[in-house]
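Taken straight from TrEMBL:
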type	residues	note
BINDING	Asp13, Trp14, Glu16, Asn18, Glu27	Ca(2+) binding site
BINDING	His69	Zn(2+) binding site
REGION	129-150	region 'Disordered'
TRANSMEM	28-47	transmembrane segment
TRANSMEM	56-76	transmembrane segment
TRANSMEM	82-101	transmembrane segment
Amino acid sequence: MPSIFSYQSAEVDWCEGNFEHSTVIAEYYNTISNVSFFVLSAALLYLNRQYCQQRLSLLLTGVFSMYFHMTLSYVGQLLDELSILWTLAVAYSFWYPKVYFPRCIKSRYDSLGHSCCLHEAVLRGSSAGPLHTPGRLPHSRDSAQLSAQQ
């Protein structure tokens, strides 16, 4: 059984051919295109300084997406998907009209924390349990294990 950190252990594989342009990078163009996260996030944050505290969110999205497309590992897939969800939570908390915030939230920065907690609760509630290995259900057991326990 492959490790969750090993190359090509992810549950998804995009349409780009694997290891065609490099022996180290699985999806070359998807990996290289993530450089735009580093360039654009720096430029956008320079132009809109009020969101500088959230620069780590965009940066981590680029780093984790680059790691995933470079290795196609299961952990890379999880990090890529979660960083995208966290970035969406940040964006959602800034673009949601302040009128509709609950009374306990005094500023947009409070809403960021509540939004992140809400997304975390949804993610934990929707998962079937702890991390599982690719290709297997989280709580499935082999028939040999079941017969050994009986």
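Just so you know, glycine gets a Cβ as well, placed from its N, Cα and C.
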Practice prompt. Measure from the Cβ of Asp13 (Ca(2+) binding site) and count the other Cβ atoms within 10 Å, all protein chains considered.
Written response: 12
Worksheet entry | Cα distance (Å, whole number) from His69 (Zn(2+) binding site) to Asn18 (Ca(2+) binding site) | 10
Discussion item. Take the mean position of the Cβ atoms of Asp13, Trp14, Glu16, Asn18, Glu27, the recorded Ca(2+) site. Which other residues of that chain put their Cβ within 8 Å of it?
Written reply: Cys15, Gly17, Ala26, Asn30, His69, Leu72
Worksheet item: Just going by other Cβ atoms within 10 Å, which of the binding-site residues Glu16, Glu27 has the emptiest spot?
Response: Glu16
Worksheet item: Which residue, out of the binding-site residues Trp14, His69, shows the minimum number of other Cβ atoms inside 10 Å of its Cβ in this structure?
Response: Trp14
Response to the item:
Around the Cβ of Asn18 (Ca(2+) binding site), other Cβ atoms within 10 Å, all chains included, total 13
